[in-house]
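To start, the structure under review is shown below, and the notes come after it.
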């Protein structure tokens with residue numbers, strides 16, 4: 001079994017890595033997407049793929065890191081040593097998961113919905129629906145943030161709306177990234 005010091009150091013390193021990986025999504029990846037994508041379906045698809053790959057690894061790292069901190073808290077508590085700080089650090093590391101469900105799910109849902117709608121209807125437009133006059137029927141009518149109706153119940157994302165949603169997501173994600181960063185900073189204190 002690894003020593004307690006090794007577990008503490010591992011938790012700090014994984015938490016720091018987690019926070020760094022998350023912060024780069026808001027400070028590098030999303031800004032690059034916003035600056036280089038001028039076609040809403042492409043921008044949405046790139047965000048969905050970025051989210052997919054982040055979703056595979058980042059929550060897992062968060063949970064594994066929190067488990068390390070909770071183990072440290074239990075170990076120290078069983079030996080009548082200070083344990084609350086380790087438990088708090090574990091909580092701060094894992095709180096990004098419920099933060100996503102509570103704070104970000106609405107924006108995530110809008111982005112996923114727009115991407116799915118654009119994907120589902122792209123074939124319709126590629127097959128000549130625009131040439132048949134369907135797009136002009138009510139193309140200026142807005143139906144919520146990020147999309148516009150283009151006839152017969154089909155909604156397509158606008159670039160301005162998608163960008164607005166991604167900027168909102170970027171800031172919420174940056175806030176979410178601060179939880180494991182705070183945990184890593186506080187985690188250093190449990191190693192001394």
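A Cβ is built for glycine as well, from the same backbone N, Cα and C atoms used for every other residue.
Swiss-Prot assigns the feature transmembrane segment to one of the listed ranges (151-171, 172-192), namely 172-192. As annotated in Swiss-Prot, transmembrane segment covers the listed stretch 54-74 rather than the other ranges in 33-53, 54-74.
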